[in-house]
Amino acid sequence: MYLLTDEVARELKKPFGKVYKELPSIDGKVVSIGDVTTKHLLSNGIIPNLSILDFKTKRNIPVNIPHKFKTIFEVENPQGCISDEAIERIKYLSTIHDRDMALIIKGEEDLLTIPVIKYFPEDTSVIYGQPDEGMVLLKITDELKQKIEKLLKDMEER
């Protein structure tokens, strides 16, 4: 399990990619992280390979996503950490070439962008919400994977 440190929290406040109000066209494998982002993609006809959700926004405001996902997995991931269970499930899901999968989080999904970038293949599009700004779209690259490895080293490991 990895615990968020103040140093990493400061780093994560900065978007990892370009922030969009409306996304450009997206091709290839897509992972969405967050309820509002996923709802936006689905309402625009974009079905991610994997959607990571906790059915809340801003920690406690409920979000209704009227979509029936093809495959659903659940894991626990407490606030401010990346659980071993979440890491193992994301690692497994990164090997599946299916669409319309959901990973439902009991707890909080905010930090799960980190293991998604670590385990999903290069050129995967990752989309997550940047509170009160829009959505961040990034493509996984080797350089981004190296940045994530550094962040993980700066987190407290238990």
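Quick reminder: no glycine exception, Cβ is built from N, Cα and C everywhere.
These features come from Swiss-Prot:
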| type | residues | note |
| --- | --- | --- |
| BINDING | D35, V36, D54, K56, E109, D132 | GTP binding site |
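Around the Cβ of V36 (GTP binding site), a 10 Å sphere holds 19 further Cβ atoms from the protein chains shown. Each of the binding-site residues E109, D132 was ranked by the number of other C-beta atoms within 10 Å, and first place falls to E109. Around the Cβ of D54 (GTP binding site), the same chain contributes D35, I104, I105, K106, G107, E108, E109, each under 8 angstroms and 6 or more positions distant in sequence. Around the Cβ of D35 (GTP binding site), a 10 Å sphere holds 23 further Cβ atoms from the protein chains shown.
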